[in-house]
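Below you'll find the structure, written out as structure tokens, and then a few comments.
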Amino acid sequence: MTVDSQGTATAGSQDAPGRAAGKSQTPPPPSGAKEALQPSRGRRSLPGGLLPYLLVTPALLSMAVLLLYPLISNLILSFQSVNRRELIRRETPWVGFDNYTDLLGNSEFWTVVLRSVAFTAANVALIMAIGTGIGLLLNRLGKKMRLVLSLALAFAWAMPIVASVTVFRWLFDEQFGVANWLMRTLGFSGYEQHNWFETGFSAFVIITALVVWGSVPFVALNMYAGLTTVGTELYEAARMDGASGWRTFWSVVFPNLKPFFMITTFLEIIWVFKAFTQVYAMNQGGPDRATETLPVFAYIEGMSQQHYGVAAAISILTIVMLLVAMSFYFRLILKQEDEQ
Amino acid sequence: MRTRKPLTVGAVAKNATALVLALIFVFPVYWMFSSSLKPQSEILSKDPVFFFTPTFENYSTATGVDLFWTYVTNSLIVTVGAVLLALLVALAASFAIARMRFKGRKGIVLIVMMAQMAPWEVMVIAMYMIARDNEMLNSIPLLTAIYFVMVLPFTIWTLRGFIAAVPVELEEAAQIDGCTRGQAFRKVIFPLLAPGLMSTSLFGFITAWNEFAMVLVLNKDKTNQTLTLWLTQFQTAFGDDWGATMAASTLFALPVLIVFLFLQRKAVGGMTAGAVKG
């Protein structure tokens with residue numbers, strides 16, 4: 001089934017959509033976008049005319065209607081004061097930058113921003129460290145053990161997010177959860193009926209465990225696939241020269257796989273930052289709004305508090321922050337292309 | 001056959017670490033499945049029970065919920081509908097991008113790349129407002145259309161790679177033999193795209209099957225919701241009935257787990273080929 005030990009397996013530079021952090025779409029393949037440069041044998045023939053435009057029109061049109069149009073209405077909405085009353089009366093009073101100035105002057109907003117950034121940083125650091133570690137380990141394992149570990153990773157990868165949220169709630173259940181039993185068995189006191197969702201920090205620990213568990217397989221299996229392309233001679237040479245494992249990693253593996261590390265890190269940043277399902281489905285942003293990250297904050301401001309205009313402004317600010325990360329990502333991809 | 005290496009401390013540590021990691025990664029999935037088969041009495045035990053006589057009572061509780069089959073039907077409609085639409089539209093677009101040269105081609109490639117990163121989760125409020133103003137809340141067709149556009153960019157992207165990987169000579173040969181361009185596509189390229197179509201539809205299926213934020217906001221009416229919401233609400237409604245909740249989770253996850261494990265190597269292997277040969 002899964003990995004056939006030669007690394008052809010999950011060599012996908014594509015991700016199963018929705019895996020890493022609850023995002024619902026796939027990234028462009030990190031290795032992608034080469035086409036502009038390769039004088040590929042694939043695309044010489046066939047002069048243009050109208051046909052190509054006809055062929056791409058349905059795609060462009062549907063993206064314009066269902067993606068661009070909502071984006072623009074989101075932007076417009078963020079300059080309006082639309083709350084419950086206006087919604088019912090279908091009024092759209094313009095308020096200029098009021099929603100933005102209110103938000104930017106609100107300490108609660110900045111708390112959520114800082115929390116989102118810290119949450120993203122912690123998760124991405126863990127995902128990259130653990131994923132890299134497991135990728136390196138996969139590369140050094142024997143055939144059978146590699147198959148066992150890859151299969152386990154594939155299970156975690158394929159698990160639908162909503163299902164895994166439910167399972168994690170069960171694992172950390174106050175009364176009958178296996179986590180409390182494990183803590184008791186390991187000899188820690190105070191885990192008789194420990195409520196893991198009592199404080200925001202503890203709830204974040206569970207959410208982080210879930211996100212990291214679900215995201216590591218993507219990094220690890222792709223890392224392993226990347227390692228198999230580097231070739232063993234380099235490691236052998238480094239080992240012959242008496243380099244330590246650490247040293248080998250930093251002077252052989254890392255430089256060779258630098259594009260992989262950069263691109264994966266940026267993708268994970270984007271995914272974790274906009275992750276909604278894991279955070280919201282786990283605990284609805286609670287306890288006491290303590291696990292609200294930016295997307296959850298926007299959702300609760302909008303749908304529960306019915307401050308639609310403010311919610312739109314929050315989402316625009318979130319998109320702006322995402323755009324910064326994305327611009328790095330795109331620059332990286334383009335640069336990678338130039339180097340080839 | 002490889003020669004067996006001597007067993008060193010390092011090798012033992014390496015394998016032990018791998019085994020522990022494998023257990024950690026597979027444990028939540030195993031725990032979901034095993035809990036779903038446990039009788040109520042074993043679920044409500046302070047110390048977890050690892051050996052038990054399996055029962056299907058949890059599954060009958062889960063599937064006996066009002067509207068269960070409505071949720072299943074809705075999920076299948078939106079998912080399969082979105083994937084089929086995306087394949088159709090993407091085939092046309094990716095064929096143009098991979099095989100033809102025309103003005104604005106690069107721009108379209110860039111648009112597709114950017115659309116792949118679209119922050120859908122963040123746009124739910126705007127989606128809600130638009131759907132409401134157009135009297136389209138609780139609409140299965142709207143949900144299908146949104147999922148279609150969600151999976152469209154990466155469907156175009158991957159198919160483009162697969163099409164580019166098919167030697168253009170094959171197509172030319174068919175045309176020399178008297179096929180029209182359309183026929184050449186249908187008879188020569190299309191059959192070769194089978195693995196590509198399989199892997200893209202698998203990933204599209206997972207995305208749409210999983211989607212949570214949009215259906216949460218747009219479809220408040222229970223008869224128009226999908227299994228994703230059914231699962232989260234099931235948990236609230238059934239409180240501490242963790243056995244039934246785990247049965248529900250298993251029912252939700254099983255199709256994806258099975259298909260993914262079966263197709264992963266073929267799909268992802270083929271996908272790499274497609275992506276690399278762009």
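One is the number of the first residue shown, and numbering goes on along the chain from there.
Even glycines carry a Cβ here, placed using N, Cα and C.
What TrEMBL annotates here:
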type	residues	note
TRANSMEM	B:12-33	transmembrane segment
DOMAIN	B:72-263	domain 'ABC transmembrane type-1'
TRANSMEM	B:76-96	transmembrane segment
TRANSMEM	B:108-130	transmembrane segment
TRANSMEM	B:142-168	transmembrane segment
TRANSMEM	B:188-209	transmembrane segment
TRANSMEM	B:242-263	transmembrane segment
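Listed by sequence, the residues of this chain that lie at least six past the ends of the transmembrane segment (B:108-130) yet keep a Cβ under 8 A from its Cβ atoms are 93, 97, 136-137, 146, 150, 152-154, 156-157, 213-214, 216-218. Panel annotation: around the transmembrane segment (B:12-33), residues 246, 249-250, 253, 257 of the same chain, lying at least six beyond its termini, place a Cβ under 8 Å from a Cβ of the stretch. Counting only same-chain residues 6+ beyond the ends of the transmembrane segment (B:142-168), those with a CB under 8 A from a CB of the stretch are 77-79, 81-83, 85-87, 89-91, 93-95, 97-99, 112-113, 115-116, 118, 120, 127, 131, 136, 188-189, 192-193, 195-197, 199-200, 203-204, 207-208, 211, 214-215, 218-219, 224, 226, 270-271, 273-278.
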